[in-house]
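Everything below concerns the one structure shown next.
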Amino acid sequence: MARLLLPLPLAAASASASSLHLAASRLRLPALSSSVARREALFFGGRVAARAPVRLARRGVSAGAEAGGSLSSAAAQVIGQEEAMEWVKKDRRRMLHVVYRVGDLDKTIKFYTECLGMKLLRKRDIPEERYTNAFLGYGPEDSHFVVELTYNYGVESYDIGTAFGHFGIAVEDVAKTVDLIKAKGGTVTREPGPVKGGKSVIAFIEDPDGYKFELIERGPTPEPLCQVMLRVGDLDRAINFYEKAFGMELLRKRDNPQYKYTIAMMGYGPEDKNAVLELTYNYGVKEYDKGNAYAQIAISTDDVYKTAEVIKQNGGQITREPGPLPGINTKITACTDPDGWKTVFVDNVDFLKELEE
């Protein structure tokens with residue numbers, strides 16, 4: 001995604017909220033090109049329709065007034081929380097990419113392509129902002145969950161902290177993959193074997209920056225990059241937030257009292273076919289150090305304005321008000337969950353248009 005990285009470069013992280021605010025009058029959707037319409041129809045099962053950016057209201061107050069902007073009567077529709085929840089369930093969402101910072105971009109790309117089997121999808125340098133992005137994954141960005149690496153000029157290392165857990169990759173033979181990684185000089189932190197308290201065969205490795213990857217033995221899957229694990233201080237609160245604010249499903253929950261932790265798998269479809277969020281609660285641990293390495297996940301949506309209001313209704317904090325990015329008109333909104341994890345929501349049509357450029 002070209003230029004969806006306002007929170008990522010170190011200089012941009014200090015931007016004030018006021019400088020990011022965009023007036024509600026800029027709500028017109030651009031016309032779809034025929035190629036974008038075809039791609040959207042194919043990806044979303046043939047459902048292509050114009051979408052008015054309907055705004056939600058909380059406690060009976062117009063959301064447009066609350067945001068400090070004015071909306072036309074056609075756009076400003078006041079609907080209740082129950083109706084908002086129904087909309088979230090119908091919104092066309094999927095996890096687009098996960099964003100994090102690295103100290104040596106070329107070295108990381110080499111490791112991901114040679115050891116993990118990813119493909120370099122695209123690379124873009126932004127010299128005026130002093131950073132470079134690289135997108136890698138197992139398939140095209142319009143249909144696969146991918147990683148977005150950010151290299152900030154002159155910054156060689158970051159603090160991963162204790163809150164971020166790992167990324168998950170599904171492979172058909174864990175032992176064979178581990179042997180390849182060892183042969184390439186990679187670091188294996190857990191040898192192949194059954195997961196604690198289960199039967200799935202897994203292993204853990206580290207990339208050159210110290211990010212952990214869990215290798216999960218699984219049959220052929222359309223989404224090999226399958227998990228992002230984050231630690232939370234209150235699992236029930238987190239599950240409730242991701243269900244109501246993000247429209248995710250609780251796919252499964254497993255308690256491991258012997259090892260004093262509980263996990264919950266959240267996502268937009270079955271684990272064997274979709275990337276999912278793995279939330280981990282360690283008994284008695286309420287807070288973690290997030291460091292400055294991991295950044296955020298990007299998720300697609302049909303309407304960033306509605307998305308922002310639903311997030312507000314359910315206790316999330318909007319860190320970037322919904323609206324188009326200057327210069328490219330891609331509509332986004334950004335937020336943090338109750339544990340402080342960042343997420344960016346990106347307009348579906350605008351995302352596909354950017355991939356064409």
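A Cβ is built for glycine as well, from the same backbone N, Cα and C atoms used for every other residue.
Look at TrEMBL and you will find 1-17 tagged as signal peptide.
Per TrEMBL, the feature domain 'VOC' maps to 94-218 (among others).
Annotation comment: TrEMBL describes E148, H166, E214 as Zn(2+) binding site.
Feature annotation from TrEMBL assigns active site, proton donor/acceptor to E214.
Feature annotation from TrEMBL assigns domain 'VOC' to 224-348 (among others).
Neighbour counts of Cβ atoms within 10 Å were compared for the binding-site residues E148, E214, and the top value is held by E148. Taking a C-beta cut-off of under 8 angstroms and a sequence separation of 6 or more, H166 (Zn(2+) binding site) has the following same-chain neighbours: F204, Y211, K212, F213, E214, Q227, M229.
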